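Step one of this worksheet: look at the structure below.
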Amino acid sequence: MELYESTYFIVLIPSVVITVIFLFFWLFMKETLYDEVLAKQKREQKLISTKTDKKKAEKKKNKKKEIQNGTLRESDSEHVPRDFKLSDASPAEDEQFVPAPLNVAETSSSVRERQKKEKKQKPSLEEQVIKESDASKIPGKKVEPVLVTKQPAPPPPLEAAALKKKAGQKKSKNGSEEQDKKVEMLMAPSKEQDVLLSHQDTKQEGGLGKKKGLSKKQKSENVAVLVDEPLIHATTYMPLDNANSNLMMDKREIIDMIKPDHVEGIQKSGTKKLKIETDKENAEVKFKDFLLSLKTMMFSEDEALCVVDLLKEKSGVIKEALKKSNKGELSGLLHQLQEKERLLSAMKEDAAASKERCKRLTQEMMTEKERSSVVIARMKDRIGTLEKEHNIFQNKMHASYQETQQMQMKFQQVQEQMEAEIAHLKQENGILRDAVSNTTNQLESKQSAELNKLRQDCGRLVSELNEKTGKLQQEGVQKKNAEQAATQLKVQLQEAERRWEEVQSYIRKRTAEHEAAQQDLQSKFVAKENEVQSLHSKLTDTLVSKQQLEQRLMQLMESEQKRASKEESLQIQVQDILEQNEALKAQIQQFHSQIAAQTSASVLAEELHKVIAEKDKQLKQTEDSLANEQDHLASKEEELKDVQNMNFLLKAEVQKWQALANEQAATAHEVEKMQKSIHVKEDEIRLLEEQLQHEVASKMEELKILSEQNKALQSEVRKLQTAVSQQPNKDVVEQMEKCIQEKDEKLRTVEELLETGLIQVATREEELSAIRTENSTLTREVQELKAKQSDQVSFVSLIEDLKRVIHEKDGQIKSVEELLEVELLKVANKEKTVQALKQEIEVLKEEIGNAQLEKAHQLSVTSQVQELQNLLRGKEEQVNSMKAALEDRDRGLTGRGTCAQVCSTPQFEELESVLKEKDNEIKRIEVKLKDTESDVSKMSELLKEVQEENKFLKCQLSHQKHQQASFPSQEELQTVISEKEKEITDLCNELESLKNAVEHQRKKNNDLREKNWEAMEALASTEKMLQDRVNKTSKERRQHVEAIELESKDLLKRLFPTVSVPSNLNYSEWLRGFEKKAKACVAGTSDAEAVKVLEHRLKEASEMHTLLQLECEKYKSVLAETEGILQKLQRSVEQEESKWKIKADESQRMIKQMQSSFTASERELERLRQENKDMENLRREREHLEMELEKAEMERSTYVMEVRELKDLLTELQKKLDDSYSEAVRQNEELNLLKTQLNETHSKLQNEQTERKKVADDLHKAQQSLNSIHSKISLKAAGDTVVIENSDISPEMESPEKETMSVSLNQTVTQLQQLLQEVNQQLTKET
């Protein structure tokens, strides 16, 4: 408990306020006493101790002054009690509230003992005071009132006894001892009074609230003390510090007491007339001198005792004055005490009220705390639940975020792996390029070295040719041999070229095959993309079809709701008819009561009671039927709730089945069959709905017929009322009977129609049973399909959608069945209403018979009225009433016409509303068609976007090759393609079926429009018929009124043939003129007696007239009441309609909310499906990339093999060059041998000069060949590796070999460079 919540704090506030109020009053009353105390304290502070040396002189002066002023002391002593009176009575009220006692250390027990002892010691105290005054010579008492404290402290009992003993002794001996004891006794109360004066302000606040009872007791005790002990008031205690100070204080107090008493003595000395003014002035001067001397004197013990004795001598006068003054003051004090007690009682009451308020506030605070604690607990629970939900949601978000991060990390890892692999491939390509460049550089260096060597050889050969021109013949033979070797080398080179061409053709074939494979893969990829697009389009088409089916279901639900509202309106109309019948029954009961009052027939009353009992039973039956309908509605609401729960369960199952997203083509044909059966069922349901609409329209017409019959009955009842008031003829009764017969026939026709309707309902129930059987078979088939789907998980989503559709169709069928049941109940209620109407018609027949009897009785009564004046007046009144009735009828006819128009207008408005609803439905369907077209366009756009996305994915596939681990075979791809093609065909068929459904719906809308126009024409024809009927009835009524007027005129003319009135006048004016002339005729012929008789009869007629008027007024009041009841009923019906509309709106809102939730769940499903598809696409892309990576690796391996083959070719070529080099060495050796032979034959050449010419010719040819070789070597940068150091062979033999070798080397180098360039280009393309 905190401080502000504790009850102590609440209790302390009012107590503090009360203490503050008391302190305020106490301080206000205590101001005089407080001023006196301040003055006394100042006086005490001004006392100055005189010197001891001047005591004797002062004593002498005091003795002289006492002798001189002896008389004055007596007069002054008389005034001392008055001073006491003024000092005690003025602050008495304030002194009573001083809280602190004299002895602060005393306990409550000692205080009680002292209060008891005060009463006993009052006489002893008086004696003690007298004895002390006689015995003591030192004035040791201060004149102060005892009422300064609440409990005056009397002397203890031991001290009182000692004082009594000392009083018996001599004064002279024991004076000093008594003075010492008095000083000791006075010390304690004086000290206590100092404590009180110092702590008075602080203790007043706390003491007032605690000791109110003690203050009240002490007030009464102090008053008693004032009455009984006047001398004690003059002897209060003061503190005494030492002997000198006591003396000075006594003198000071005596002077203070004498000053006011002297003034009073001067006022009272007016009685002493003998004294002279001069003596008074001298006495005043002496008294002033005496006062001054007292102020400066220091008394001894003897002198003080003398002063006390003189004062005691004057004490008798003081007692008398005190008694006189106290008597006047007691009444004032008592009055003040009473007022203060009243104030205290009022303050106590206020305190009690404040305590009660505090208690109430505490209770309210406790209740509010409890409420707040409950609210806080609820809020804490709510906050806890919200925090839990928030934590769960955060955990879900965190998990999803972690999953996304994991996916991103995986994707980054894949990218990094791809980049690493790409870098590795680039490195390998660089290595290969470096190797190729190194090989080319090496070949070029070798060729350049060989060319240099060849040049050197050519120079040497030229020199040798110049020297050895004579040896050409032998060289010719050698040339032939060399030519043969060259031909062999050429053949070998041709074979090498053929092998190179074969290698190139093999490489080209491999590249062509690789390109064809790539093209095949690209075509397959394009086909797959097309398949994906087709699947996407199929899914979108299926979604669109689902949405269309949902929209159709919503339309069906809305139409059912509209039908329910129409049926409710029909029920309301039936209730209105029943209420109108009840009102008519009430009117009939009132008529019966009036007739019973006139005829006093008990039999009629009993019959009426029976009828009322029967009608009460019927009402109870209707109420029971209404209760059953309400129970049925409650059961329907429970069924709706069950359906909603089923929907939620189905949604949960849908979420479970979403994981199984793989599709297969095994159940496609079965799905198509199911869809066809569903379409057939939808057509059947539409036919049933149309039949129900026709039935509702027929029942509406039947209700209209019943309402018209009810109106006709009401009009007939009104006719009966007017007939009773106007005494109609028997023809009217016959007409009523005919009308009743016609109504019986109509009721029979209605019963027949109801029977036919029941037959139709039975047939429809059979149809519904057949549909149920079909649905049961379909559900079984669906269950079988589920069993199949456990093995084959494909097309699960489609089957689930079909299940949903089947469930929805079952729900629709159930709703149709419920509607049929409701219609059966309505038919039963209508049959009950028909029976009630039959009973009412029978009752009306009985009432008509009773009315006929009553009319006969009234005719017998009216036949007694024979005299002319009564007849005239009666006829005039009848004519007036007829006029009023005619006017009322005209008004009623107009009102009925308006009512009929109003009745027709709401029906017309209902039909118009129906037409508008149909038009709105047509517009909705058109809007849906437009939406479908827009959806198709959107789908085409989506396809384009998907194609673009596929292109983008292709680009991504090139980056994600290494993630592909497995690739499906071509057979699986073909199966998938065939399945997708089948799905595409199915979707096309569905599109065609949807288009046919749209066209069928358009045809239906056109038919509905035509029907609406026909209904409008039928309404117009019915309105015309109603207007014609109204006109006919008004004409008939006017003719009837005119016939009655003519009959009345003829009657009057027959009665008074002498009276003549012009016939051109109106009926009312004609009656007035006829009345005046008839009165004139009767006045001339009648006698006094006849006049009296006539007057008597006139009075009777007037009484009858008044009675009839009263009855008319009653009927009018009844009609007004019925109209008011009808208006109230209409209002109640309108209110109920508004309530039902509100409920319908709420149900529609609930349905919309459910639809929105369903659409949201569908969107989530679509989103999940798309995510699954994306995952599948990514998986496929991964597989495709892995396949491509494998292909790239295969290509890489092929390239490596090709490079190896090229290296092998290079090695073979090098081997061939080495062989040619060895052959060249061998030929050099042969040339050396030939040189030796040439040296041998050199001698022979000198002889053969004839042959030198030939050699010269050969040399010329050799020079030409050498020039050609030099030109070829300068053009080409290739040469032979053969080094011929010392060759004696002629240049004509070596030149063709060099040429052939250089040509072959150049060709091989160019071919190798081309191959390397092609390899580099392919690698760059792949990267």
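Cβ coordinates are placed from backbone N, Cα and C, and glycine is handled just like the others.
If you compare N438, N775, N1031 in Swiss-Prot, the N-linked glycosylation site annotation sits on N1031. Swiss-Prot marks one residue of N69, N1306 with the annotation N-linked glycosylation site, and that residue is N69. For the topological domain 'Lumenal' (30-1327), the predicted model reports an average pLDDT of 65. A sphere of 10 angstroms centred on the C-beta of N1066 (N-linked glycosylation site) encloses 9 other C-beta atoms.
Taking CA atoms as the reference points, N1066 (N-linked glycosylation site) and S1060 (phosphoserine) are 15 Å apart.
Across the structure, N1031 (N-linked glycosylation site) and S1060 (phosphoserine) are spaced 36 Å apart at their Cα atoms. N1031 (N-linked glycosylation site) carries a helical DSSP state (H, G or I).
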